[in-house]
Amino acid sequence: MPELPEVETVRRGLAALVEGKIVTNVVVRYSKMVSPKAEIFAEELEGKKILNVRRRGKYLLIDFSGDYTMVSHLRMEGKYSVVDRREEYGKHDHVIFELDDGKDLRYNDTRKFGRMNLVPTGEELQVGGLKTIGPEPTPETLTLEYLTHQLRNRKRGMKSFLLDQSMIAGLGNIYADEVLWLSKIHPQQISNTLTDEEIAILRESIFEELQLAIEAKGTTVFSYLNADGHAGSFQNQLHVYHRQGLPCQRCGTPIERIKVAQRGTHFCPHCQVLR
């Protein structure tokens, strides 16, 4: 599933390609993917200008003229691309936004899990998981005071805590593993046992890891592509994720893989000791 760095990379690509363009027609080939009903969804967007492409956590927010905002969640396999309209539809191109420059903004999703909700601008934070989403992982919004309070007032494994979108927005399986390795914290360490120093290091590790991943245009482990159709490159910089059996880049101990919070979880048993 695309996490914050991947969605931010898609956002930047789409902003450069489609902001200012007018939607002349919308083709919905899989009606369960959109809300409201496909006919209304298409009718409301026809003739609207794309004003802005934003992001909140793992969600894309596309603002249109007429005070509409589309909330788009890529889920597992969703991808956006901008192509020449003469190009044939792909098998998994499910929603097509025809633009006034002769190109299409196409949404492709092999597993059909992605969703698009069109709502009046200002109501986008009432859609799905956005109702309870936590702060963005930036120094301004993820303060040390906030993080300390949330960790100290909960008795949860650290991997589960980081995956909880109501605690911190945007982290998923890949970056949770990587952040915990950077912080030398075991994935099953209980949140309220962290020291002040560990919490401070964890916070800085979150900022560092996500910034590096955004600069590398995300991680492509399976099928993620950005809006230009290119893979990310951060998979070449991963320390633990999908590296089970390989030596830890810090101490040489083989990386192990266990199941935590129903997710495959990678860590170094020497650097990340469970207390």
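Including glycine, each Cβ sits where the backbone N, Cα and C put it.
Annotation comment: Swiss-Prot describes Pro2 as active site, schiff-base intermediate with DNA, evidence class sequence analysis. In three-state terms derived from DSSP, Pro2 (active site, schiff-base intermediate with DNA) belongs to neither a helical nor a strand segment and is classed as coil.
Here Swiss-Prot flags Glu3 (among others) as active site, proton donor.
Residues annotated as active site, proton donor in Swiss-Prot, with sequence analysis given as evidence: Lys58 (among others). Taking a C-beta cut-off of under 8 angstroms and a sequence separation of 6 or more, Lys58 (active site, proton donor) has the following same-chain neighbours: Met1, Pro2, Glu3, Leu4, Val7, His73, Leu74, Gln165, Ala169, Gly170, Gly172.
Per Swiss-Prot, DNA binding site is recorded for His92, Arg111, Arg154. DSSP assigns Arg154 (DNA binding site) to coil in the three-state reduction, placing it in neither a helix nor a strand.
Averaged across the zinc finger (239-273), pLDDT in this predicted model comes to 96. Here Swiss-Prot flags 239-273 as zinc finger.
Residues annotated as active site, proton donor in Swiss-Prot, with sequence analysis given as evidence: Arg263 (among others). Around Arg263 (active site, proton donor), the same-chain residues at least 6 positions away in sequence with a Cβ under 8 Å from its Cβ are Lys159, Leu163, Asn173.
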Same-chain residues six or more away whose CB lies under 8 A from the CB of Arg111 (DNA binding site)?
Arg75, Met76, Glu77
Counts by DSSP class (helix H/G/I, strand E/B, coil) across the zinc finger (239-273)
0 helix, 12 strand, 23 coil
